Amino acid sequence: MLTRNPKTKSSLQILQDSVKWHHMAHKVNSLLDAYSGLLSNESMILAVNSSFVDPLLQFESQLKIIESSFGMLVVMPSLDKVKEMGSSYEYIEDMENLYHNILNIYENILTSLVSKDLYKLQILKEMLVWMSKDSSYLQERIMVIINKVLRFTVTKVRKYISVDAPCLGLLAAELSLLCSHEDPSIVKQASLGMCHLLYIARCQNDIGTNKPTNGKSHSLQFPSSDVEFLPKEFQQDESKIAQRVGQTLLPPLLTDFVQSLLMKLSSPDDKIASDAASILIFTLEFHAEKVTMVSKIVDAIYRQLCDNNCMKDVMLQVITLLTCTSPKKVIFQLMDYPVPADDTLIQMWKAACSQASVAPHVLKTILLILKGKPGEMEDTVTEGKRFSLDITNLMPLAACQALCTFLPLGSYRKAVAQYFPQLLTTLMFQVFYNSELKPILKDRALYAQDALRVLLNCSGLQQVDITLMKENFWDQLSEDLCYYHGVCFIAKTLSEYNFPQFPETLSYLYKLSVEGPRRSEDTVIVLIFLTEVSFVDCEQLCSHFLFLPKFKSKFQFLVSLPLNVGSYQDLRS
């Protein structure tokens, strides 16, 4: 009986060994190809770096070469697999050296670019973006290279007399998201990179304020080694990240940081979107006052909500936080959209007016917008200013519609009482303006009237509105009733009910009559209203502020205006 020699390999084993050898040979060839490719790319990048070409074209061409090199790097086998290739110690050592040389070439390319121009730190941001788009690209060895380049930059900026690194905010946003990654090795490298970045930003700040830039002058001490310095405050702690980033970055860079995170809310990766939301909200809670370009951010949120509202609550919370620190900018932007407002815009209005602390500022901004006249051209507005970027000014219409949302809120009760005279008078102006433009505005002409009714009802004057409704006043006002008769009727009805806001309203009307409104029709409305309410017993209401000689002269001016309003007795009849 024949026996098989144990040393004899079967055909299957021979085939397996052959496949393994070819596979290893393929890996070796891939390393050699990466090595030769990176050497070639390095020479091209350095040649472009030394040429006198347009900086933007130079950067774009270099970025394409960097991306090509990046592609070679990420498909390389891991170091452990490289070690498996060798059959002897010398061969393994050669493969390891080749592996490390490839990484060193890529690192040298980046450091040579950054050493000449800190603007090219933007390349690191692009690398992080590439990794965020494909999880297979997110490798510890790439993060180590990024950290080494940032560490090299730290040593350079300590000797600079000026630091211009405009991409720090965008780079910080990408790194901050990786500080909450599931892989501890990625978290370690990202948090370390964040410390390097913030050190660069602190140097930039200190140079700008003529402070010394040695390591002792910063709370973020320059690390002595990667092993010793583990900034645990950044690891899985989004609140700390937001605090330190907000404290360190200059306003323009912090704005870039916020805008970048805002864009991440639309990421198809739920983890990225969730982490971005947390860091974004923390940042605005701590440092919203440093954010610039608020109008642009509000507009970006509106467009994102229109396209995709998966993170709607977070975006609306951003509106709320920005309104707390920049109410005027937020409200002006929210009023500069088509009228009538869509559901998305109304939700943003509600978010903007959710805090009682900013209610007075919101109403003051709306009153400022309501100084404009719908359809008024640029050259007809006082001092040549406009309230809208459009050919015509329709922001007052949006403001009237917004008041219908703001005024009934309980958080606005105190502010509405404070600004009742201004709101009442301004809305009467707007009702008149809209009645003039009714053929053009159509249904939109009723927003001012609706806002006026809401103001009456939320100011304890429901009976006034009921009386006006019984008299069919609102319907007539929107049809063919002479508006000056309407002003007289509103004033008379308010006077009959002895509305509690009478002293403040009379004082404000008198102030307007003395100072003179911007338009002649405003003057007519003010004086008709003022004359009507002045028939109330002023002594009983302690309206000692009514200086009759001046008022008489204003009333004479009213009679002389050629506005076809008839005699005042006709108006009162």
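Cβ coordinates come from backbone N, Cα and C, glycine included.
For 118-155, the entry in Swiss-Prot reads repeat 'HEAT 1'. Annotation source Swiss-Prot lists repeat 'HEAT 2' at 252-289. Swiss-Prot lists 292-328 with the feature repeat 'HEAT 3'. Among the features that Swiss-Prot reports, repeat 'HEAT 4' is placed at 357-394. Feature annotation from Swiss-Prot assigns repeat 'HEAT 5' to 418-458.
Below 8 angstroms of C-beta separation, residues 55, 59, 62-63, 66-67, 70, 73-74, 79, 103, 106-107, 110-111, 163-168, 170-171, 174-175, 177-178, 181, 183, 185-186, 189-190, 192-193, 196-197, 199-200, 203, 222-223, 226, 267, 269, 272 of the same chain, each at least six residues beyond the ends of the repeat 'HEAT 1' (118-155), sit close to that stretch. Secondary structure of the repeat 'HEAT 2' (252-289) per DSSP, as helix, strand and coil residue counts: 33 helix, 0 strand, 5 coil. Across all of the repeat 'HEAT 2' (252-289), the predicted model scores a mean pLDDT of 95.
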